[in-house]
Amino acid sequence: MLKSINSRVSLVLLVIAIVYLIFSYQLPSYAYTEVDADVIPKVLGWLLVFLAILLFFSKDNETEAQRQKRNIPKKEIGMLLGVGALIFIYIFLLEILGFILVSALFIFFCSLFLGYRSHIVNGIVSIAFSAFIYFVFTSLLQISLPSGILPL
């Protein structure tokens with residue numbers, strides 16, 4: 001029953017969708033809104049359940065070429081784990097150091113880690129992009145982002 005990769009992946013996705021739906025049904029509701037904050041998470045959760053069920057019953061037989069594509073070289077696994085570690089560091093430091101500083105450092109070191117070697121261009125782009133996103137969110141969209149140690 002679980003011989004194909006599609007059926008195994010679909011069961012993992014189904015478990016993730018069920019956990020996601022449990023948390024989305026625990027979101028508080030607000031009295032004065034027509035569309036509540038939990039609508040999109042619930043729709044996405046049920047969509048994931050539906051797609052996982054479709055994937056489970058799909059009749060796609062795996063060929064040898066598809067099996068070869070699924071093998072990931074160890075270098076790429078190291079890159080994935082490195083970027084994952086950078087994401088966790090970003091999440092941990094976001095409230096402490098602030099959005100602009102942590103985002104600029106994340107973009108710079110992630111680009112450096114993935115092989116981009118022009119440090120000056122990388123630094124300018126990471127600082128400018130982080131400052132631009134901060135400006136758009138705080139000034140135009142009126143959404144507050146953590147300022148951290150910078151006096152913003």
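These residue numbers are counts, starting from 1, taken along the chain as shown.
Each residue, glycine too, has its Cβ placed from N, Cα and C.
The domain 'DUF1468' annotation in TrEMBL covers 9-146.
Feature annotation from TrEMBL assigns transmembrane segment to 9-27 (among others).
Residues or ranges marked as transmembrane segment by TrEMBL: 39-57 (among others).
Within its own chain, the transmembrane segment (77-93) is flanked in space by residues 102-103, 106, 109-110, 113-114, which lie at least six positions past its ends and keep a Cβ under 8 Å from the stretch. Taken from TrEMBL, the feature transmembrane segment covers 77-93 (among others).
Positions annotated as transmembrane segment by TrEMBL: 99-116 (among others). Same-chain neighbours of the transmembrane segment (99-116): 79, 82-83, 86-87, 89-90, 93, 122-123, 125-127, 129-131, 133-134, 145-150, 152, counting only residues six or more beyond its ends whose CB sits under 8 Å from a CB of the stretch.
The annotation transmembrane segment is assigned in TrEMBL to 123-145 (among others).
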